[in-house]
Amino acid sequence: MYYHKLGKFPQKRHTQFRRPDGQLYTEELFGAEGFSGSSSLLYHHHPPTTVKRVEQGAEIKIEPWKEGLLRHHHLLTKDLKPWGDPISGQICVLFNDDVKISLCLPKDEMNYYYRNGEHDELIFIHKGEGYMQSQFGRLPLRPFDYIVIPRGTTYKLHFTTDDNRMLICDSTGPIGFPKRYVSKMGQFMENSPFCERDIRVPEEPLFIDESGEFELRIRKQGRFHHYFFEFNPLDVVGWDGYLYPYIFNMKDFEPITGRVHQPPPVHQTFEAHNYVICSFCPRKYDYHPLAIPAPYNHSNVDSDEVLYYVEGDFMSRKGVEFASLTHHPGGIPHGPHPGTVEKSIGKEGTDEYAVMIDTFRPLHLTMAAKEMDDGHYPYSWIDHA
Ligand SMILES: [Fe+2]
């Protein structure tokens, strides 16, 4: 990310900066990789260390589905019932040591602040509007937003709509843009399918001046930890730096097309340790006179492939529906459903939107995923012939 600033701060870092009452503001370095990575400098009204009470919170249990079978999966999530709040309502369906993939249809308001104390998060807003309020300011939310949240960010998600749906990646490694899209100086280059103008950064309001009792739930090492303060922890009056949450909307992705079928890396949007996130967006089809727009069969020998179907008619699949999620594990081939190859010839373009998550280590399904599984899917390449 690039340099951004909001609010007020001293001209020189690590120098005296005083509140209207003459007390010093408290400076905090919010940094990745110790003191060696990207960072921001924040100025708090109260010292962020002045916690009044700490309580143990709930354990976060992920129960694996030990199916013992290598096969394709299709999770039907359309009819999931809203449950919990934007944090407690997250249902993990796939996981490995690099990423946990969850769905969430929040029903309740968050009456606390939240911080992921060890992992970055990427939240895809499928349905819903509202805002995310963090110590870096406010990010208004709308459908198809990808929110990237660095570990350690204190925030609350607030929806102003009733029908809300999110896809979440809890990421062991940091999430960023593909290195091949940016110059040595960090600027998006002409070959990138998006650029700085497509990225939304935090804005006012920033400083929330409130006293009372405020709860912060920190997620770390498989459980929540409840911290209580006598002031609103979003008490930052100003900050600047390179580490902060931001938003890229999937509809701002400009697809890269060719005369013949282009492989998934042209859809890449984010990269993280051992996995990538791609955006399939409406685009013109391949324009070679004999082109076959549908993808060829492929064996993801080294990776698992997850597709979350967002909107439109996905041209290579039959039987998938709104918010379907398919998991094609490495080691076996997958490809277009019968009939879709012929049907794609001569078509001008597609209106599909989908999020793809390709992991380089195997994913495991959870018992929650078992409840959503369409057991017929592995045989759908025959039945649809
Ligand atoms: Fe694929």
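Each Cβ is built from the backbone N, Cα and C atoms, and glycine gets one as well.
Feature list (source: TrEMBL):
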type	residues	note
ACT_SITE	HIS261	active site, proton acceptor
BINDING	HIS298, ASP304, HIS334	Fe cation binding site
BINDING	HIS334	homogentisate binding site
DOMAIN	107-249	domain 'Homogentisate 1,2-dioxygenase N-terminal'
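In the three-state DSSP scheme, ASP304 (Fe cation binding site) falls into the strand class. Helix, strand and coil content of the domain 'Homogentisate 1,2-dioxygenase N-terminal' (107-249), in residues and according to DSSP, is 6 helix, 75 strand, 62 coil. In sequence order, SER299, ASN300, SER303, GLU305, HIS328, PRO329, GLY330, ILE332, PRO333 are the same-chain residues whose CB sits within 8 A of the CB centroid of HIS298, ASP304, HIS334, the residues recorded for Fe cation being left out. Among the binding-site residues HIS298, ASP304, HIS334, not one has a Cα within 10 Å of the Cα of the residue listed as 'active site, proton acceptor'. With respect to Cβ neighbours within 10 Å, the recorded positions HIS261, HIS298, HIS334 differ, and HIS298 shows the lowest count. In this structure, HIS261 (active site, proton acceptor) belongs to neither helix nor strand by DSSP; it is coil. In sequence order, HIS327, HIS328, PRO329, GLY330, ASP358, THR359, ARG361, PRO362, LEU363 make up the list of same-chain residues 6 or more apart from ASP304 (Fe cation binding site) whose Cβ falls under 8 Å from its Cβ.
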